[in-house]
Amino acid sequence: MEQSIWLALLSTGVVAGTPILFAALGEILTERAGILNLGVEGMMLVGAVTGFMVTMSTHNQWMGLLMAIVAGGLMALIHAFLSITLRANQVVSGLALTIFGTGLSGFLGKDLIGVPLTDTFKPIPIAGLSEIPWIGDILFKHDALVYISYGLIFILWFFLYRTKTGLELRAVGENPAAADAAGINVFAIRYACVIAGGMLAGAAGAYLSLAYAPSWLENMTAGRGWIAVALVIFGTWNPLRAFLGSFFFGTIDVMGFTMQTIGIQIPSFFLKMLPYIFTIAVLIVVTRETKTRRVASPEALSIPYNREER
Amino acid sequence: MGNSWFSRWHFEKRETTSNLVLVMVPVLSVVIGLIFTGLFIALTGKDPLEVYLLMFDGAFGSAYGISETIVKSIPLLICALGLSIAFRMQLWNIGAEGQLYMGAFGATWAALTFPDWPAYQLLPVMMVAGFLAGGLWGLLPAIPRAYFKVNETITTLLMNYIAILWVDYLVVGPWKDPKSFNFPISPQFTEGAILPTLGTSRIHMGLVFGVVVALLLYIVLNYTRWGFEIRVSGESPAAARYAGMNYVKNILLVMFISGGLAGLAGMTEVSAITQRLQHGISPGYGYSAIIIAWLARLHPAAIVLVSVIFGGMLVGGYSIQTSGFSSTTVSMLQGAILFFVVGGEIFVNYRLVRGEKGGK
């Protein structure tokens with residue numbers, strides 16, 4: 001009995017961490033190329049509402065997911081144009097994207113609030129793997145998108161550290177002038193990474209509205225986009241560590257339910273505060289650590305690249 | 001080599017920036033923002049022009065509309081002034097929303113603790129309590145920012161959620177009005193806790209606070225050594241340190257004042273508008289204030305003007321709800337305007353030139 005509660009906690013922790021993971025992987029890609037995109041929250045919301053709308057009209061959640069990815073990419077394109085071509089302040093441009101995305105999603109989803117959805121992503125236990133004690137329960141009894149996120153972690157890691165393009169991408173984020181001199185197309189790589197990052201944020205939003213809590217609510221992301229941005233720092237821009245982080249935050253996110261089940265009486269408001277408090281605490285600890293260790297943010301992060309001042 | 005589009009057009013540094021450019025960039029941003037949002041409105045089959053006229057009429061078309069516009073512009077003005085100080089130092093405080101809620105909490109504490117006090121005693125105490133609570137909420141993320149360079153954008157934003165949950169807890173928990181029939185509200189404030197208003201309108205003394213703060217800020221920024229320090233620190237922390245300015249102390253102080261002003265805005269809202277603490281006292285004033293400060297190029301006088309326009313946008317947003325639009329349409333509009341403001345910034349220092357790059 002006792003054991004099953006903890007298993008349930010860790011298992012739902014993986015699910016709750018999945019949207020944060022998708023968004024964080026996208027932001028890792030973006031920041032590795034030297035662009036800071038604080039619009040994750042807004043891109044997720046637009047992804048969530050797009051995924052919901054398209055699934056409702058096509059009765060196909062995969063189509064919903066696809067269009068959410070497209071919508072996230074289009075949102076990111078705005079940020080890419082502002083920050084790469086117009087060399088705008090990336091903090092303010094990202095904030096604008098979040099504010100715009102919050103408004104746009106509310107505008108589009110006005111008549112969808114409280115509408116039930118039947119075509120959702122449902123758990124598919126993986127034969128064999130799900131039989132493994134503990135690990136099977138925690139990792140392999142989820143919906144298809146969770147498995148896709150596992151795959152993405154390794155693909156992104158391999159891409160960043162084991163391919164030539166990955167190396168070039170990191171060079172663009174560290175020293176764009178040197179990369180440019182070496183014949184790498186800084187603008188093309190930055191555009192591609194920002195847009196790909198937005199596509200993943202769109203998928204993250206669709207996970208919320210099509211799998212995690214199939215419905216549409218205004219501001220349903222509830223700060224998860226910001227937690228994802230913090231997670232990138234926690235994960236020191238490394239996809240593998242981002243997974244641990246998302247699992248950690250996902251577990252804290254759902255811990256409230258578990259505490260209520262085992263009879264700990266704490267007002268729900270305080271339980272809802274936990275993910276935010278933990279994120280801030282972790283951010284402080286990790287930032288202090290990165291000063292002493294050799295890992296640091298990409299050197300050129302959030303600095304616009306101006307070819308003429310090379 | 002970049003693609004041909006990039007090589008045909010390029011930005012050339014301006015020698016000087018005329019005042020016309022400084023004014024035209026934000027003005028055009030608003031116009032293009034309206035057109036951009038209009039495209040989305042048109043997609044829903046409604047006429048954007050009609051929607052905008054409806055908004056304008058709601059905000060400025062009647063005495064009631066104008067007075068409501070001013071009422072909404074008060075918290076926007078006070079928050080945006082506070083944010084502008086932080087932004088000048090390149091401190092990205094986006095926590096005004098939470099700081100406003102904490103200010104409301106502080107002011108409510110005073111109002112509920114000393115209900116029998118007369119207004120001339122209680123109101124100043126509420127103002128101080130609101131300023132302190134908001135200021136401390138701004139100071140908290142400033143400490144790790146000043147000492148360990150912890151990203152203040154993320155921490156201030158996340159603290160908004162905590163502050164809002166805290167107020168939500170208070171109004172259903174310890175401060176719940178026993179006579180409220182389970183509504184999430186605190187008891188109604190006593191007479192001494194309510195800010196005086198202009199005649200029978202809802203326009204209250206917060207307007208005076210806002211204008212006074214704007215004046216003070218203008219004087220401090222332009223005529224004092226500290227104001228000079230803030231501007232230098234923002235442009236170059238290294239230069240500020242070299243000149244013997246205390247960069248760390250200034251971060252803490254600026255974030256305290258920035259949060260304190262948002263807290264003061266929270267005080268005016270609970271004291272004059274809701275007259276009690278309740279769920280959802282702000283429809284996102286703290287977020288709109290970010291856009292206002294930026295659109296006004298952090299200039300106090302311009303912030304006053306832009307706040308009134310944005311107050312009108314909020315009131316206009318309510319009036320289009322009756323024709324089936326979400327209230328969030330306004331934040332879509334505000335976000336779009338901000339896109340064009342940040343995107344247009346480059347035209348302040350550069351101009352777009354066609355042809356081969358000269359010189360180099």
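Heads up, the Cβ atoms here are built off N, Cα and C, so glycines get one too.
The feature transmembrane segment is assigned by TrEMBL to A:6-26, A:38-56, A:62-84, A:91-109, A:144-161, A:191-213, A:225-249, A:269-287.
Residues of the same chain lying 6 or more positions beyond the ends of the transmembrane segment (A:144-161) and with a Cβ under 8 Å from any Cβ of it are 14-15, 18, 21-22, 25, 28-29, 32, 65, 121, 124, 126, 169-170, 200, 203, 207, 211, 238-240, 242-243. The recorded stretches the transmembrane segment (A:38-56) and the transmembrane segment (A:269-287) do not share 3+ CB pairs below 8 A when only pairs 6 or more apart in sequence are counted, and are therefore not in contact.
Stretch with the most C-beta contacts under 8 angstroms to the transmembrane segment (A:191-213), considering only A:62-84, A:91-109, A:225-249, A:269-287: A:62-84. Residues 223, 226-227, 230-231, 233-234, 236, 249, 252-253, 255-256, 259-260 of the same chain, all 6+ positions outside the transmembrane segment (A:269-287), place their C-beta atoms under 8 angstroms from a C-beta of that stretch.
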